[in-house]
Every structure is written in structure tokens, then in C-alpha cells.
Amino acid sequence: KEMENQTTGAKFVLLGVTRDPLLQSLLFTVFLIIYLIILLGNMVIMMVIRTDLHLQSPMYFFLFHLAFIDICYATAVLPKMLVNFLVKGSITIAINACMTQMFFIFLSAGCEVFMLSVMAYDRYVAICNPLTYQEAMSKHFCYQLVGSAWAMGLFYSVLNTVPVLNIQFCRHTEIKHFTCELPPLLSAACGGTFLSKLILLSSAVIFGSSSFLLTLISYIYIINTVLKIQSAEGRHKAFSTCSSHFIVMGLLYITALFQYTKPKSVSSVILDQVLSTQYSILTPMLNPIIYSLKNKDVKTALGRILKKLQF
């Protein structure tokens, strides 16, 4: 096969979800609504947390940053996907644009999982050591935790993006996906992918499992503490602040880790797209609903803001 270096302005062909015009129109409408929900839901949460004085605790500070990460994650994937639904012919993407999209997908995903670990640690301190909570979760320490989550996301992204820049791709390379995620991109390469596959697998396992382990340890301590609470109402209140977080976190970790570590024998175009949709599109949409719109404090704060706007 004729090889073309990445620096010569090569383009990839994204096969996308479907080429059926009717289905494309339907999916465009569905994913446009999802994107608007993600933007509106997360921006409302950010606005409410920033403006309401009752929501200035560390938990809502982390929630603010999670909402921002979710907007970044969805924006790395959905705008290009929506444009592709409007294209009738073959969908092409410049290799530089493809690498940029991949970089921001990795960055957002890395930040997301470590921010969830930070939020789990915050709940651990609040429930297991409530008397020292304000001192332990100082403003400076909260900034350090958020900065660490972004630093880990950036490191994860650079670690996986840089080796791909040296891979040779064939002319008219087809990517069997709707985004430039690394697994389908490596499948489309002509060769020299061993290092990238090794780094992808090892980094996904190390970063994913370490983040999950940190979260799991926090929840083991939380559950142990909650079970010691005498009143049923007290136990229910403590569990309610954690259950939603644990469910969404589990879905995100399981689908993302499976996508990036599964053997080639169980890989398929449809499965890859379903898994990718779950963690890069549905999770950012569900997060504002699960973490905030179910939250009594956020709903009360939103009510106060709406009441002010009416006068």
C-alpha cells in the first residue's frame, strides 16, 4: 500500500454511524437535542453554584468543575458528529484535526475520571470526618485537587497522543467510527502501532484502575461509617449523597475501560460506537441530572435565582 506521512496534509474518511439520509436526519435531531441538554444543564449548574452563596462548599466547587469538564468532553465529540450527519457524501477529516480531537477526548476523559475520584474523597471526608471537614478541605487544597485532576488528564492525553504522531497511515484511510478515538484510529494504520497499543493498554489500566481504586477505598470507608449510624433517616441521607455518584462512576469506568482494553476478537464497529456514545455523550448528559437536579440544595438555589429574575 502507498504510504503517506502525516505531515503532508492527509485526510481520513470517517465512516460515521450511518449513510442512510433519513436515519442521518433523525440522528442529527436526537444528538442536537442531547448536546443542547448537555450545554444547558451543565451551564445552569455552573451558574447556580457560582452565584448562590449557599453553594460555596467544596462539594459544589468540584461539581462546578465536573460540569465544565462535561461541556469540554461533549464539545470534543458532538459538533463534528452533528456536521457529519448533514454531509451527504463521504465524511473527511484532516489528520491534524483528527489528532486534535483525539487529544481533547483523552484530556476530557482523564480529567473526568480523576475529578470523580476527587468528589469521592470529598464525600469520604464529609461523612467519615465531619468535624475536621472545613479544615481538611480548605480552599487551597480544593484548588490543588482540581489542578491535579487536570494535570493527570493532560499527562494521560499527551502520553497517548505523542506516539501516534509517528505512525504512518495509508492513503484514503477509513476510520470505522464517528470520532477520532485511538482504538479505531490504530485499526486504520498501515503498521508501526505496537508502541501506541502498548501505551494505550497500560495507561488505560494504570490510570483507570488507580482512579477507580481511590474511589473504591473512599466508598468502603463511607459505607462502613454509614452502617454505624443508628437512625435509618441518617443512613438514608448519607447514602443518598453517594449512590448516584457511584452508579454513574461505575458506568463510566466499566464502559471506558472495556473499550480501551478489550481484545480484538470481541471488537465490532457497532459495539465500539455504543460504548463510545455511553461514556463520551450520555455521561455528560446524565451528570447534571443525577448530581444536581436531584439535589435539594441546587433546586432550592435555582428557585431563588428564578424568583429574583421575575422581579
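Cβ atoms here come from the backbone N, Cα and C positions, even for glycine.
Taken from TrEMBL, the feature transmembrane segment covers 26-49 (among others).
What TrEMBL lists as domain 'G-protein coupled receptors family 1 profile' is 41-291.
Per TrEMBL, the feature transmembrane segment maps to 61-82 (among others).
Look at TrEMBL and you will find 102-121 (among others) tagged as transmembrane segment.
Here TrEMBL flags 141-159 (among others) as transmembrane segment.
Within the chain, the transmembrane segment (204-227) has long-range Cβ neighbours (under 8 A, six or more residues past its boundaries) at 110, 113-114, 116-117, 120-121, 123-124, 127-128, 152, 156, 235, 238-239, 242, 246, 249, 253, 256-257, 260-261. Sequence annotations record features per position, and here TrEMBL assigns transmembrane segment to 204-227 (among others).
According to TrEMBL, the feature transmembrane segment maps to 239-260 (among others).
Under 8 Å from some Cβ of the transmembrane segment (61-82) lie the Cβ atoms of residues 16, 28, 31-32, 34-35, 38-39, 42-43, 45-46, 49-50, 93, 101, 104-105, 107-109, 111-112, 115-116, 118-119, 122, 142, 145-146, 149, 178-179, 280-281, 283-285, 287-288, 291-292, all in the same chain and six or more residues away from its ends.
Within the same chain, residues 59, 62-63, 65-66, 69-70, 72-73, 76-77, 145-146, 148-150, 152-158, 160-161, 164, 179-182, 185, 207-208, 211-212, 214-215, 218-219, 242, 245, 249, 252-253, 256, 279-280, 283 sit at least 6 positions outside the transmembrane segment (102-121) and bring their C-beta atoms closer than 8 Å to a C-beta of that stretch. Residues 17-18, 55, 60-61, 63-64, 67-68, 70-71, 74, 78-79, 81-82, 85-86, 281-282, 284-285, 287-289, 291-293, 298, 301-302, 305 of the same chain lie 6+ residues outside the transmembrane segment (26-49) yet bring a C-beta within less than 8 angstroms of a C-beta in it.
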